[in-house]
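First up is the structure itself, then whatever we jot down about it.
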Ligand SMILES: NC(=O)C1=CN([C@@H]2O[C@H](COP(=O)(O)OP(=O)(O)OC[C@H]3O[C@@H](n4cnc5c(N)ncnc54)[C@H](OP(=O)(O)O)[C@@H]3O)[C@@H](O)[C@H]2O)C=CC1
Ligand SMILES: O=C(O)CCC(=O)C(=O)O
Ligand SMILES: [Mg+2]
């Protein structure tokens, strides 16, 4: 008897959560005969909010803190977690979710944007735990291995997605700061001996404030500190708005306000204030009264001015119109609804927004509903260069060709909140002029910056063991593929210079004979890699955490049309496995389409791949041949589904997410029926395959009938399970066959 094996499948938000209600019953039915237990844990935004406030809820409304539980599990060797994309909530999304839950009878407190007393401060602290990218960093106790499986890459080559032409006359370009930003102010040290550091602000008058106390540091870890100078940022933004206007191109701002949840909303707010500076000069008193917070985007102002008397609203709206017509045109998120790039900080997220623009001939949407060249403003210059290098490459060589281009996989340094993506609890908006010092427990100042009021100062950490693991993973991938592996590190950047020393120490500890391993700055690495991509050659990018995020959307979006089709594995450092589904997000517009016309265009390919590797891991760690067989056969099924082009269509009344799940079940049953490694599974699944095949037309018809009309699922953030299940499982015939698998 093999040991009981368990997989945790996460319940998240939006389209992936809808898809789960259709896919999970299939996975459970197919794995049950092999005694594999599939459990779910709810880490949706709604559940994470409710878990923060047990004392406000009735007993039957309380939910346990599944995220903390999974965070602990991720450190155990038996962990096997399938993690679907989830909402990393901006404040406007958080507020929407809270009000939906309140309307459903959950007695939650409002989100206190400006807390006035101790209780409100506590409430805000609890909500802030849920804000932004609050899930991934907790679960990612390992580095990241993201790539397009061969079958997926071959499918994309045979069925290329649309790719906008590039002209050498394109006026699109990237604007980034040449001084005063995080990149130019960075200082970095490698810690000697375990201990702790304090971050202290010494004001010009000598008064000291401890910004953060006793940050634990371990021997060999790299820490860095840097600042974004407010004045330099504002001058830069002001110039770039003029630049976009002069060049007659759109102004667009690309940030990661979800992951960088402290620094980037502040920068976003400055951009709103600079663009609309005449408005803020004139109406600041009114805006203070109604509590406008530009860090939540220009949309916050638009909704709050509705509280003002009608005549006042009219003058303010006229002033807004005037600025919009006189300033550079803004890139639009939704031109029909008048939603600009500056409306909501989570609408334009750099990892997806820049590649989407590059795929679209370097253009974004303007207020006229047409696409135009754009000035892509990325204030901090640490990574902006990879996009300018890509844009220059496209101007010179034209668009990439998905039918011939090579693939770029990624090995990303991510474990234990590595680098910038773990910095939000050490990021501060500086209240007064002075200096910020990082001081160790022996009183030694390790790093120091002169700061001015309004500057954003931050400290990042990356531990030594994750770095060692990352180098090992890179060597393993290079060995497994024989592709060149490029470390995207810039010797002229303080943090990277420290990291390069370690890479050079750890690489020789492995057998690297015959491998092609290089260290190149991000720009040079982009150029080198793009040359290879164009020539149809494959390359491994080995990068830090931010570039991991950027590159695993950039290349997949160019190569495959979406990052949802990536295999995304996190080998956990203590031996477990975390299997993320795809590398992209949760595409809110998929839910909108589903509610309007009952068609879900979400492609679950990322889930299929994740289930395959999760079962493979289970097979290996529990010595469970049935799990291995299920893994091999689901991979066969996925490959056949791709060959037959049975992923979801984008259009209503054609095959959607549910139909594609049916094909997965059909081919999975077929593969299990046709194999000869396991007699029991063969006998169980032969009749299942027969029934699915005989009822194919009937099932597809039942699934199609569910489309073509608006759908009610009882909510957005907390949809009613029963309603979702009835919409996502509309085929009685399929449901019956699945329920008969024993
Ligand atoms: N791992 C995680 O948990 C992540 C979560 N997020 C969250 O996701 C949300 C949206 O983020 P955003 O930056 O817009 O990125 P998305 O990746 O969700 O969307 C970009 C585009 O990619 C396409 N796409 C993505 N996934 C699929 C899929 N499975 N099937 C078909 N097409 C897909 C869609 O393009 P098209 O319109 O052409 O169909 C979509 O509009 C945010 O709430 C963000 O916080 C974002 C990144 C990662
Ligand atoms: O956690 C998030 O908010 C986004 C994560 C992401 O984009 C990624 O890991 O690629
Ligand atoms: Mg990403």
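Note that Cβ sites are derived from N, Cα and C of the backbone, with glycine treated the same way.
Features of the protein shown, as given by TrEMBL:
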type: BINDING; residues: 83, 84, 85, 86, 87, 88, 136, 585, 586, 590, 601, 602, 603, 650; note: NADP(+) binding site
type: BINDING; residues: 133, 134, 135, 136, 137, 138, 139, 140; note: substrate binding site
type: BINDING; residues: 146, 548; note: D-threo-isocitrate binding site
type: BINDING; residues: 351, 549, 553; note: Mg(2+) binding site
type: SITE; residues: 256; note: site 'Critical for catalysis'
type: SITE; residues: 421; note: site 'Critical for catalysis'
A correct count of other C-beta atoms within 10 Å of the C-beta of residue 85 (NADP(+) binding site) gives 26
Residue 146 (D-threo-isocitrate binding site) falls, by three-state DSSP, under strand
Record-annotated NADP(+) contacts 83, 84, 85, 86, 87, 88, 136, 585, 586, 590, 601, 602, 603, 650; largest Cα to Cα distance in whole Å is 28
What remains of the recorded positions 87, 256, 421 once a 10 Å Cα-Cα cut-off to residue 135 (substrate binding site) is applied is 87
Residue 146 (D-threo-isocitrate binding site) has its Cβ surrounded, within 10 angstroms, by a count of other Cβ atoms equal to 26
Least Cβ-packed of the binding-site residues 138, 139 (other Cβ atoms within 10 Å) is 138
One of the binding-site residues 351, 548, 586 has its Cα closest to the Cα of residue 134 (substrate binding site), namely 586
For residue 83 (NADP(+) binding site), the three-state DSSP class is strand
If you measure between the CA atoms of residue 586 (NADP(+) binding site) and residue 351 (Mg(2+) binding site) and round to the nearest Å, you get 13
Among the recorded positions 87, 140, 421, the ones with a Cβ under 6 Å from any atom of ligand 2 are none
If you count the other CB atoms within 10 A of the CB of residue 549 (Mg(2+) binding site), including all protein chains displayed, you should get 28
CA pair residue 603 (NADP(+) binding site) / residue 256 (site 'Critical for catalysis'), Å rounded to integer, equals 24
Taking only the CA atoms, the spacing between residue 139 (substrate binding site) and residue 83 (NADP(+) binding site), expressed in whole angstrom, is 9
